[in-house]
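K.L.:
TrEMBL lists these features:
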- 21-41: transmembrane segment (TRANSMEM)
- 61-84: transmembrane segment (TRANSMEM)
- 105-131: transmembrane segment (TRANSMEM)
- 151-172: transmembrane segment (TRANSMEM)
- 192-213: transmembrane segment (TRANSMEM)
- 293-314: transmembrane segment (TRANSMEM)
- 334-364: transmembrane segment (TRANSMEM)
- 384-405: transmembrane segment (TRANSMEM)
- 425-447: transmembrane segment (TRANSMEM)
Amino acid sequence: MEVDDVSVREQLFHNRVRETFICVLLFTCLYILSYLILTHFKKNADYVTGDVEDATANKIALWLCTFTLSVAVCAVLLLPISILSNEVLLIFPHSYYMQWLNGSLIHGLWNLVFLFSNLSLVFLMPFAYFFTESEGFVGCKKGVMARVYETAVVLLLLTLLVLGMVWVFVALLNNHSARESLYDMWEYYLPYLYSAISLCGVLLLLLCTPFGLSRMFSVTGSLLVKPRLLENVEVEMNCAAFEEASLSRTLNPSLLTGRLTALSTVVLVLIILSPPEMRRRASPWQRNLFYPLAMLLLLALTVACVLMVCFHVLELLFDETAMPSGMGDPRLGTASFSMFGSLGAAVQVVLILYLMVSSVVGFYSSPLFTSLLPRSQDTNLTQIIGNCVSLLVLSSALPVFSRTLGITRFDLLGDFGRYNWLGNFHIVFLYNILFAGLTSACLINTLTWAVQGELIRAFGLHKLPLTVSRTTIPLKLLLANGLSKIQ
């Protein structure tokens, strides 16, 4: 009997060591990737200043931002890793090489992401911001530790202020619960605060994702060579060459030869990078196949998201299990989380990642957050902190967002399923209705304006003066103009 107990304890110990090693290895890879991303955008002048103290403070803040960004990336990968792990165990149920992939590992990963995301959002990012802005208390010796002391005091006061405001808000809603929260802060007060933060993140996703889904078409179109109806690329290239020659003739002949050559080089580069030149250099496959396929793929993904949300609305009306809920023990490898098997699970993963990318595009495209858009080698530390906080809020709310919309049936693990508002039918139902309505409206608006713009550009109406109304042009004139361009 003792031998069996020892073997069980050894097995538990080895499993724990293996899970810890896998989590550390995954987080290390994500940390390195996040550091490379931040290094690409950071302003190097902030870290090579003459003041050693400021440079050290900026480096410490950058390390904290790297940690936060790696947690955000890990939060994005939570649901895809969980869904794919379940499908892999269904395909290889008795494989010796897949024994490390189990429910305990996935559950521990969810708990770590929840812990680190709240730690970064509540403590690390405020600490990084106040640490870079602090100088130490008056009369104390200057240095890094003086900044640490001042930042710790400011954080303590800020924590007391936030806790007091939330407690007052709870007291206004339920006086009895507010009194209990004073004696049981860990079990009631902090989960309530986490629930409020997650609700803010999910609401932010509700606003950014529909707008981002519509913006994905224009962003993708700017990266690809766009085919133009009834357009002659050679004519546009000749016009660009004439403009370059005219600019060269209008230059002052007394300019130095070096300056003239440099200006001509700049003009030549601009012509080469212009859309007509890019279309002329592109192959017929790139001009006529890649762009339509990309647009059709984006349209199919967007329509699939809307249809799944509409189907989930019907499920909410007739099936109680459609409500998002928490799952204590994930039994992976027992059944697929999609009615279409592995193919449906792969589609779920693609849709989840597509929604995350769309939410980021919508976030940076909105007028309120355009100033946060990072620029290569020209993003100061304050902007980096703001970007890391924003991405962490969006990514940590992605699992709840996907499960609330019914994109996947994988229930939330750990503390992600303890949010108070998840069990409210009216909030979940209204959330699905708003998402489907906003996404449909943005998609219809984008498609109609895109078709109208292409038709106007194809018939050459964009070259008309602003005083001429395009609606007053007869249809026969439009058709004649189009036939002349084809000929």
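Here the Cβ of each residue, glycine as well, is placed from N, Cα and C on the backbone.
A TrEMBL annotation is a machine prediction, not a hand-curated record.
Predicted, not measured: the structure shown is a model, and the values here were computed from it.
I'm curious about the neighbourhood of these features; can you describe it?
P.N.:
Residues 213, 216-217, 220-221, 224, 322, 347, 350-351, 354-355, 405-407, 429, 432-433, 435-436, 439-440, 443 of the same chain lie 6+ residues outside the transmembrane segment (293-314) yet bring a C-beta within less than 8 angstroms of a C-beta in it.
Listed as Cβ neighbours of the transmembrane segment (334-364) (distance under 8 Å, sequence separation of 6 or more from its ends, same chain) are residues 76, 79-80, 83-84, 86-87, 90-91, 204-205, 207-213, 215-216, 219, 301, 304-305, 308, 370, 372-373, 390-391, 394-395, 398, 401-402, 407-410.
Using a Cβ-Cβ cut-off under 8 Å and counting only residues 6 or more beyond its ends in the same chain, the transmembrane segment (384-405) has close neighbours at 38, 41-42, 61-62, 65, 68-69, 71-73, 75-76, 78-79, 113-114, 117, 120-121, 125, 128-129, 197-198, 200-202, 204-205, 208-209, 305, 308-309, 312, 324, 352, 355-356, 359-360, 363, 369, 372, 374, 411-412, 416, 419, 422, 428, 431-432, 435.
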K.L.:
Does the transmembrane segment (21-41) come near the transmembrane segment (105-131), with 3+ Cβ pairs under 8 Å (pairs 6 or more apart)?
P.N.:
yes
